[in-house]
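Positions annotated as active site, schiff-base intermediate with substrate by TrEMBL: Lys195, Lys248. Residues annotated as Zn(2+) binding site in TrEMBL: Cys120, Cys122, Cys130. Per TrEMBL, 5-aminolevulinate 1 binding site is recorded for Arg205, Arg217. Annotated 5-aminolevulinate 2 binding site per TrEMBL: Ser274, Tyr313, in sequence order.
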Amino acid sequence: MVDLTYRPRRLRTTPAMRALVQETTLQVEDMIYPLFVVPGTGVKEEIPSLPGQYHLSVDEAVKMAKEAHELGILGVEIFGIPTYKDEQGSSAWDMEQPVQQAIAAIRKEVPELIVVGDVCLCQYTSSGHCGMIDHHEILNDETLPLLGKVAVSQAKAGAQMVAPSDMMDGHIAYLRQSLDEAGFNNVSIMSYASKYASAYYGPFRDAVHSAPEFGDRKSYQMDPANRLESLRMIERDICEGADIIMIKPALSYLDIVREARDNFDYPLAVYNVSGEYAMVKAAAAQGLVDEKRIVLETLLSMKRAGAKIIITYHALDVARWLR
Ligand code: PBG
Ligand code: ZN
């Protein structure tokens, strides 16, 4: 007989014993659910690149937001497809467009729900880039006032939080100032502090028709090879006034999440992006993995890495499973 004083399996003997020593939990309160709003009424069409997710007109987006709220989800993030695109991306701050209309309608019908506006230009510019373009160059400083208009238009519509995903330099400071000057000092900023130039955004770009017309986003999004740069970006965004910092994508970047948690005493979010979602859905549809178990394990790993907030297309399913 072996003589073991430490037998870790003692604490794995029953569900109750395992629950007692469980270090990390996943709760419905951790998740934000993204919504894709489109022009029209009565539109609810499944997005081919994101099975189980929908293009929703404003009225249908309100229904979906109600459902999310009833399941205990605390917030939704609004992405939109506009009715027109131009060089500046001016439909991004047009109060008549689906995003602003959806924000206002959801705030009215589901007042307890946190409504987050995605601040960027790529769905709205004819170039499909996240900033203004001149001769195939991104004009960083000329883009900032446009982003300011987007954030203020969303705040006017009723958004309590804006999430700038454009990756321009100086955008957090610019948005903070724009919001404050417009009287919105209570509107918070969730910064995509470390947003990597990632192939995992593919299904999202299909969903919102935002693939760049030329080139790629590597001159503004981060190099997946870099870790230290991420710490500098987070520090910068905190100095500029970010309330919540976000790492995106999530799954391939959990080392960055852990590092962010250990180095910064700020609310930390991850974006469980479209490619991560689509891979799981495809594998599950083929019967290769158990969707529920895979999703719960994946989101738990994001919590374990140190994130509190998870923006995820799985949110409604997870909320049901956790009940
Ligand atoms: C656009 C934006 C992207 C995502 C959120 N906002 C894609 C991109 O940068 O091309 C990705 C979301 C996802 O993949 O789920 N600024
Ligand atoms: Zn963009």
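Placement of Cβ uses the backbone N, Cα and C atoms for every residue, glycine included.
Owing to the predicted nature of the structure, the values given are computational and were not obtained by experimental measurement.
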Which recorded positions from the list Cys122, Cys130, Lys195, Ser274 come close to ligand 1, meaning a Cβ under 6 Å from one of its atoms?
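Among Cys122, Cys130, Lys195, Ser274, near ligand 1: Cys122, Cys130, Ser274.
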Non-local Cβ contacts of Cys130 (Zn(2+) binding site) (under 8 Å, 6 or more apart, same chain)?
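Non-local contacts for Cys130 (Zn(2+) binding site): Cys120, Leu121, Cys122, Ile138, Thr143, Ser165, Asp166, Met167, Met168, Arg217, Tyr220.
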By CA-CA distance, flag whichever of Arg205, Ser274, Tyr313 among the binding-site residues is nearest to Lys248 (active site, schiff-base intermediate with substrate).
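Ranked by Cα distance from Lys248 (active site, schiff-base intermediate with substrate), first place goes to Ser274.
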Quick check on the recorded positions Lys195, Arg205, Arg217: which one has the highest count of other Cβ atoms within 10 Å of its Cβ?
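Result for the most crowded candidate: Lys195.
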Check the recorded positions Cys120, Cys122, Cys130, Lys195, Arg217 for any whose Cβ is under 6 angstroms from an atom of ligand 2, and report them in sequence order.
Cys120, Cys122, Cys130
Can you give me the residues near the recorded Zn(2+) site, meaning same chain, not Cys120, Cys122, Cys130 themselves, Cβ no more than 8 Å from the center of the site's Cβ atoms?
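Apart from Cys120, Cys122, Cys130, the close residues are Gly89, Leu121, Gln123, Tyr124, Thr125, His129, Gly131, Ser165, Asp166, Ser210.
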Is it possible to get the count of other C-beta atoms within 10 angstroms of the C-beta of Cys120 (Zn(2+) binding site)?
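Excluding its own Cβ, the number within 10 Å is 25.
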May I ask for the distance between Lys195 (active site, schiff-base intermediate with substrate) and Arg205 (5-aminolevulinate 1 binding site), taken between their Cα atoms and rounded to an integer number of Å?
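About 15 Å separates the two Cα atoms.
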